[in-house]
Amino acid sequence: DLWEFGKMILKETGKNPFPYYGAYGCYCGWGGRGKPKDKTDDRCCFVHDCCRYKKLTGCPKTNDRYSYSWKDLTIVCGEDDPCKELCECDKAAAVCFRENLGTYNKKYRYHLRSLCKKADKPC
């Protein structure tokens, strides 16, 4: 769920997720293609896109909402939630953003997707 993912990012990084990551590089935000621009784009967004693509099995496509909570500043995805795997993908990306704040480059914010060429590596 995009809203829940945004809340995870905000709490992990202290950054507003939509302007900060909504159109960053070649993979952050809607759709993704081309060669990732840096560790934030590659390790976080590219891996997140691949994770969500691979984890769509048990979660209804019409409703990808999931439950989660915080325990000692750690995201805990709902154990019996049918969308738990998607929650885990979002959690991993939010933590990745925090761990890679130092690689964030403002020049890739609002990056034109037309500049993103064919991907060098598949999921």
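Keep in mind that glycine also has a Cβ here, set from the backbone N, Cα and C atoms.
Per Swiss-Prot, CYS45 makes its disulfide bond with CYS28 among CYS28, CYS51, CYS59. Summary of the site annotation: Swiss-Prot records Ca(2+) binding at TYR27, GLY29, GLY31. Screening the candidates ASP38, ASP49 against this entry identifies ASP49 as the one listed for that site. When you check Swiss-Prot, the disulphide partner of CYS77 from the set CYS83, CYS87 turns out to be CYS87. Candidates considered were CYS44, CYS50. The record in Swiss-Prot pairs CYS96 in a disulfide bond with CYS44. The record in Swiss-Prot lists a disulphide bond between CYS123 and one of CYS50, CYS51, namely CYS50. Disulfide pairing as given by Swiss-Prot: among CYS83, CYS89, CYS51 connects to CYS89. Sequence-distant contacts of CYS96 (disulfide bond), defined by Cβ-Cβ distance under 8 angstroms and a gap of at least six in the same chain, are THR40, ARG43, CYS44, VAL47, HIS48.
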